[in-house]
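> Got these off Swiss-Prot a minute ago, pasting:
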- GLY146, GLY148, LYS149, THR150: ATP binding site (BINDING)
- 1-74: region 'Domain I, interacts with DnaA modulators' (REGION)
- 74-99: region 'Domain II' (REGION)
- 100-316: region 'Domain III, AAA+ region' (REGION)
- 317-440: region 'Domain IV, binds dsDNA' (REGION)
Amino acid sequence: MNPSQILENLKKELNENEYENYLSNLKFNEKQSKADLLVFNAPNELMAKFIQTKYGKKIAHFYEVQSGNKAIINIQAQSTKQSNKSTKIDIAHIQAQSTILNPSFTFESFVVGDSNKYAYGACKAIAHKDKLGKLYNPIFVYGPTGLGKTHLLQAVGNASLEMGKKVIYATSENFINDFTSNLKNGSLDKFHEKYRNCDVLLIDDVQFLGKTDKIQEEFFFIFNEIKNNDGQIIMTSDNPPNMLKGITERLKSRFAHGIIADITPPQLDTKIAIIRKKCEFNDINLSNDIINYIATSLGDNIREIEGIIISLNAYATILGQEITLELAKSVMKDHIKEKKENITIDDILSLVCKEFNIKPSDVKSNKKTQNIVTARRIVIYLARTLTALTMPQLANYFEMKDHTAISHNVKKITEMIENDTSLKAKIEELKNKILIKSQS
């Protein structure tokens, strides 16, 4: 089968805008291709990178199904200057809109769990259904750093670009610097044209707009004009609108006028799914015990977790050895130690007692009341998981006879967790609260 025909056949699998904007610009490079390597030329580096990331595997799979042969797909930038003139899509327009957008940040690569499904659902709905934009406008996504807010924001951007929409993505810092630069150059008209004449405006870390009243005034008018023109606005922040410091009341009111969706730290099963997805994307193979170790040993910052995965792969590649659990522990030991130094057993005891509405002195006593025993075991379990305290040190803290009593409590609570999903969820929630507090 002619590889060029593969792209034509793929047209049936994609929407018209998606095909016309991207795959229709590819040209099969017969000279550089081989039996097991198919090379396609894209108009420029930006397009090549985007298409390789988003469609490379899909093209390879489609080729195998249609021809019965396997081949690696390589999308590269066409070297001739003439290529930019022949493309059906305005490349300069795309670069101006989406240079900052990460093509790997898509809805397909986002791992959905209980902690983020509302935010995910809202963003995906407006990205694919224009009518919902009028109802869900603006969308305000908030939560701690590193949990996927930027991923969702850029997923909306990438999906909107595929539909031929004009997208502007900017962090608050980008927005402020853009305004300041145009103000100094006497070119505010250029600034206004850029931000007001878009279909979709994506603002990351909107909480940092509160630096000056002038910046907020500019954003207020831009916000109103986009919304009045039926444009879509999505923002992210670390806190909900009513808790934003330095932001004017009229802006807070605008932010809260649509959907407010929070993203919370993921539960263990979602963390494991995220790690698997990151491994798949980076083509890294990790065993289940290593994945579980990473998930239970690190906090919930997804960028941090991905950094560890890439570091593990780098160590293994450079040293020429397999990624083992021992290697993982060695690579992660300083990182885990740093985390644990920020968490004390007193912090854990205080939070657990507050959750169970009991006194710390009761937990540290010999009382055998069921809720006190359970709380005590949870404190011990979390202390073993989140701190560097040894069993003898914990035995001393609880004034127990020796460390075997601590070991017994750890064994009991572990069995309880395995058989009680609600208890497992509660402990995971407590763990996340402690980790968030330690990082603040």
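Any Cβ shown, glycine's included, is placed from N, Cα and C.
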> For LYS149 (ATP binding site), which DSSP three-state class applies?
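In the DSSP reduction, LYS149 (ATP binding site) maps to helix.
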> When you measure from the Cβ of LYS149 (ATP binding site), which residues in the chain that are at least 6 apart have a Cβ under 8 Å away?
ALA119, VAL141, TYR142, GLY143, ASP204, THR236, ILE263
> Would you list, in sequence order, the residues of this chain other than GLY146, GLY148, LYS149, THR150 that have their CB within 8 A of the centroid of the site's CB atoms, where the site is the one recorded for ATP?
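Apart from the listed residues, the neighbours are GLY143, THR145, LEU147, HIS151, LEU152, THR236, ILE263, ILE302, ARG303.
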> At a 10 A cut-off on CB-CB distances, which of the binding-site residues GLY146, GLY148 has the highest count?
GLY148
> Within the region 'Domain I, interacts with DnaA modulators' (1-74) only, compute the mean pLDDT.
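That stretch averages a pLDDT of 80.
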> Just jot down the residues in the same chain as THR150 (ATP binding site), at least 6 apart in sequence, with C-beta under 8 A of its C-beta; none if empty.
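In sequence order, the residues whose Cβ lies under 8 Å from that of THR150 (ATP binding site) (at least 6 apart) are PHE105, ASP204, THR236.
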